[in-house]
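Note sheet for the following structure.
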Amino acid sequence: MPAKLSVNLNAIAMLRNRRDLPWPSVTGLGRIALQAGASGLTVHPRPDQRHIRFSDLQPIRNLIDDEFPGAEFNMEGYPNEEFLQLVERHEPEQVTLVPDDPAQATSDHGWDFRENRALLASVVGRLKKKGFRVSLFADGDPDAEALKIAKETGADRIELYTGPYGGCHDDPEKAERIAGELGRTAAIAIDFGLAVNAGHDLTVANLPRLAKHIPALAEVSIGHALTADALEYGMAETVRRFRRACGEAV
């Protein structure tokens, strides 16, 4: 089954925030993405609200509930109390926990599961009690011990950080090697009972290779490349292009 596509809205929000104006509309473009067949919408509400604002969250929740009840809302963030309260208020279908420093420009590494075992177990336990599906941002190293710890926290999924893979867009040999490592990591995670998502610098060009190495890939969350392509092709056609890259017959 092809991986589901969740459209990350942060880049759209960042463009909107360049002016004190309501466009481009985060929910408006989210609606177009869902109409074109995206399976969900992803946001990463950072503490400084430099892209997604906290005030965006309820309109996105309402959009999905009112118009696309089969779609999913995925909220990413570092699990401080402010983020956890936002999650509990807006009730996404999936919560993706990332180890970001608030000052980081973007997520650029996975969790150190050994060092953060206690923190993650506590947070995952809190979220699971409230019925949320939880995914943990993970590096692409096939480290069985670390992935076993990820499973022991109670998480449902990992999201593989694919930045290094996306970064070798001009080096096919290196891309194949890293895709193989990601595939081995995914296989270990699946053996432990974790489903596998992926995200960061994924494109129409590199998704097919990743899907070949991770045939059970559950979901991809894509923002930067998808938004860039939408400037050229429009949001609806771009979503269809990414769905085809995931293996859908669109």
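Going from the start of the chain as shown, residues are counted 1 onward.
Backbone N, Cα and C atoms are what each Cβ position is placed from, and that goes for glycine too.
According to TrEMBL, the protein has these features:
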- ASN8, ARG19, ASP201, GLY223, HIS224: 3-amino-2-oxopropyl phosphate binding site (BINDING)
- HIS44: active site, proton acceptor (ACT_SITE)
- ARG46, HIS51, THR106: 1-deoxy-D-xylulose 5-phosphate binding site (BINDING)
- GLU76: active site, proton acceptor (ACT_SITE)
- GLU159: site 'Transition state stabilizer' (SITE)
- HIS200: active site, proton donor (ACT_SITE)
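Considering only the residues assigned to 3-amino-2-oxopropyl phosphate binding, ASN8, ARG19, ASP201, GLY223, HIS224, the longest pairwise Cα distance works out to 26 Å. Taking CA atoms as the reference points, HIS200 (active site, proton donor) and HIS224 (3-amino-2-oxopropyl phosphate binding site) are 8 Å apart.
Within the same chain, residues at least six positions away from GLU159 (site 'Transition state stabilizer') with a Cβ under 8 Å of its Cβ are THR96, SER135, LEU136, PHE137, ALA138, VAL196, ASN197, ALA198, GLY199, SER221. Of all the recorded positions given, namely HIS44, ARG46, HIS51, those whose Cα is no farther than the 10 Å limit from the Cα of ASN8 (3-amino-2-oxopropyl phosphate binding site) are HIS44. A helical conformation is recorded for HIS224 (3-amino-2-oxopropyl phosphate binding site) in the three-state DSSP classification. Taking the Cβ of HIS224 (3-amino-2-oxopropyl phosphate binding site) as reference, residues of its chain lying under 8 Å away and at least six apart in sequence are, in sequence order, ASN8, ALA11, ASP201. If you measure from the Cα atom of ARG19 (3-amino-2-oxopropyl phosphate binding site) to that of ARG46 (1-deoxy-D-xylulose 5-phosphate binding site), you get 19 Å. GLY223 (3-amino-2-oxopropyl phosphate binding site) sits 11 Å from HIS44 (active site, proton acceptor), taking the Cα positions as reference.
The recorded positions shown are HIS44, ARG46, HIS51; of these, the one with its CA atom nearest the CA of GLU76 (active site, proton acceptor) is HIS44. Cβ neighbour count for the residue listed as 'active site, proton donor': 24 (other Cβ atoms within 10 Å of its Cβ, all protein chains included).
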